[in-house]
């Protein structure tokens with residue numbers, strides 16, 4: 001009796017606890033058959049996933065979707081009304097009268113529906129969120145699935161979700177499609193899909209480029225994809241099958257499910273697997289494809305191999321040569337290679353030895369293979385006896401692979417891979433032939449004779465030029481001598497172009513070849529007779545850049561050799577004409593991309609971060625690592641050119657100043673540069689140093705990150721205001737914002753603010769900037785308020801601003817703030 005009495009309070013408390021727990025669990029339900037308004041959700045049985053309404057980052061639109069419930073970072077894995085957002089909180093998720101799951105807005109318009117043809121009623125169907133993340137609509141009486149979200153994925157691939165085609169799906173193709181951007185879940189530019197014939201392969205396609213292939217996994221052999229040799233069964237793909245009816249599906253599972261992982265196709269076309277870190281309370285990058293340049297589909301063109309561990313990555317297969325040698329040497333490998341010698345089987349006569357095969361090891365198999373079940377010896381004979389066969393391979397699970405068309409997308413792998421045998425003419429294997437030695441000797445002698453003739457001809461031409469140009473040529477060489485230390489020998493390698501040569505190259509400076517208008521005159525695209533593409537800057541007489549600026553640029557650039565500096569090919573002096581000839585930059589200038597919403601999407605964050613690093617490396621070379629110490633004085637987005645691979649190159653050295661080794665700063669009465677990029681001590685006092693270039697660098701960094709121009713320093717004020725609020729989302733270009741890179745973006749904003757501080761001494765050197773960018777744990781000081789240019793700084797500054805108002809659109813350089 002006493003025992004019963006003593007336990008009664010405990011039993012009572014436990015009963016109440018169970019009651020409230022049951023109420024709580026009832027509220028956190030996994031299924032529903034009625035309605036969910038904007039503030040209501042359902043959660044999976046073990047609380048891994050939640051379904052309801054959400055808003056993406058930097059957006060107020062409302063979408064019905066599924067996201068991870070147990071982590072603080074919003075990570076959406078499926079969206080219902082991805083094309084039809086709701087702009088307020090009036091949305092409702094419900095079971096309609098015909099038994100379908102629907103999303104409606106405040107006016108009861110159906111924005112999305114499962115659209116299942118069923119005779120079920122609203123009372124006989126229920127929606128349930130499974131612990132797998134699969135949202136299902138099922139018959140309440142039989143539990144049969146009528147519809148499931150796993151058959152209609154958006155950008156995420158979850159464990160046990162099928163990708164491909166299968167009898168279960170009614171023959172439909174199940175693909176993964178990226179979001180448009182982090183703020184817009186509507187279908188984006190990229191799709192990942194499983195392609196079955198002749199071998200199952202995973203592909204990423206660019207929807208905006210006629211479904212062009214971006215990446216392929218290589219063929220599947222029953223255990224792994226050939227192009228993903230480091231991915232072993234269990235870690236990435238758990239099972240895969242091809243059904244008898246030629247429909248197939250891939251399903252993925254992780255070997256260790258103790259760590260939360262998310263595999264998705266991001267809006268830039270990368271398939272990314274990220275892992276949740278409890279220590280960091282954020283996602284960390286696990287792996288991604290494409291991971292290297294060689295992963296990009298057909299990066300090197302046909303008949304090539306791509307090796308990410310070599311520089312350059314691309315090389316022609318033995319027996320082949322570049323299709324366009326000039327383009328190839330300039331790093332444009334898209335044209336690929338062509339065969340050096342015809343195959344014996346292609347010759348009209350049968351004289352000569354039979355073709356042979358070159359074996360390449362550890363290869364990712366090229367695209368477009370044909371499949372055969374022949375044995376390895378039979379595979380070899382089949383290829384040898386067919387002149388249309390250009391390569392073959394044989395491997396466990398693959399059988400015999402035959403190629404009858406160009407070999408594209410071949411890659412040298414670090415591990416695993418297969419042997420690929422390439423058909424070549426027999427003469428390609430003659431290593432003991434003495435003819436190469438004889439040819440080499442003759443060639444060397446020929447080169448010597450030609451070189452001698454060229455030198456003699458050059459001397460004669462130079463003498464004729466001197467007579468023809470008279471005063472102009474002599475004048476420029478006198479200036480060159482003064483700047484180059486009194487020796488013309490230092491500039492002998494820099495050619496002087498004839499005016500007619502450049503006129504012909506640019507089609508008489510036609511408008512169709514005009515690339516743009518700089519502060520010193522128009523720039524034209526041209527092509528020399530030997531096929532070299534060039535950019536010609538034709539200096540206008542009204543530009544203010546006279547002989548001094550031209551000579552400065554000739555001297556400065558001719559002495560500099562760096563990956564991130566534009567290359568100068570030569571110049572032209574003819575009467576009143578002054579022209580500079582540069583290497584042609586096919587991707588134009590940085591401002592063309594970051595300030596144009598249509599082009600900005602081409603530069604994702606990884607690309608922009610590489611551009612930032614490249615600019616810093618180029619500037620570090622100017623300030624510290626070159627033979628001369630050079631202050632650029634006109635560093636801005638329009639003076640950062642991009643080559644074919646989007647590698648940045650600093651250009652326009654007409655305003656540069658060469659510093660003696662024992663000087664740190666200088667003063668000038670002639671303030672030159674571009675408003676918005678000029679440091680305050682330079683704009684108002686004419687004092688310039690390395691730190692004035694650092695200020696310009698900071699402005700460029702903020703423009704790259706924000707996608708906005710620094711007009712009248714308003715960008716600096718805007719960024720500083722948001723920075724003080726502890727957020728960066730409002731200052732970052734939506735095209736690049738991704739929580740995956742938020743830490744790195746924040747660090748770059750931090751560094752940029754240090755670069756634009758008011759006092760030059762507070763700004764870091766470029767070497768310090770490079771160190772902070774490359775360091776993960778750098779102790780970066782807190783920035784002070786940046787320099788906001790005041791309005792009333794005297795007549796000269798007002799004149800400077802008036803020029804800048806006109807120049808802000810065209811990026812015209814201010815050449816003199818004291819009127820001419």
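Any Cβ shown, glycine's included, is placed from N, Cα and C.
Of 123, 811, the one with N-linked glycosylation site in Swiss-Prot is 123, while the others lack that note in the record, though it may still apply to them. In Swiss-Prot, the annotation N-linked glycosylation site falls on 87, out of 87, 508. Check Swiss-Prot against the ranges 374-394, 395-415, 416-436, 437-457 and you find transmembrane segment recorded for 437-457. Given the ranges 544-561, 562-579, 580-597, 598-615, the record in Swiss-Prot names 598-615 as region 'CaM-binding'. For the recorded site, residue 517 (ATP binding site), the DSSP three-state label reads strand. Checking Cα-Cα distances from residue 389 (disulfide bond) against the recorded positions (300, 379, 517, 523) with a 10 Å cut-off leaves nothing; none qualify. Taking 300, 314, 379 as the disulfide-bonded residues under consideration, the smallest Cα distance to residue 515 (ATP binding site) is found for 300. Here the Cβ of residue 300 (disulfide bond) has 27 other Cβ atoms within 10 Å, regardless of which shown protein chain they belong to. Ranked by Cβ neighbours within 10 A across all protein chains shown, the disulfide-bonded residues 379, 389 are led by 379.
With residue 379 (disulfide bond) as the anchor, the candidate recorded positions are 517, 521, 523, 634, and the one with the nearest CA is 523. Considering only the recorded positions 517, 521, 523, 634, the residue whose Cα is spatially closest to the Cα of residue 400 (disulfide bond) is 523.
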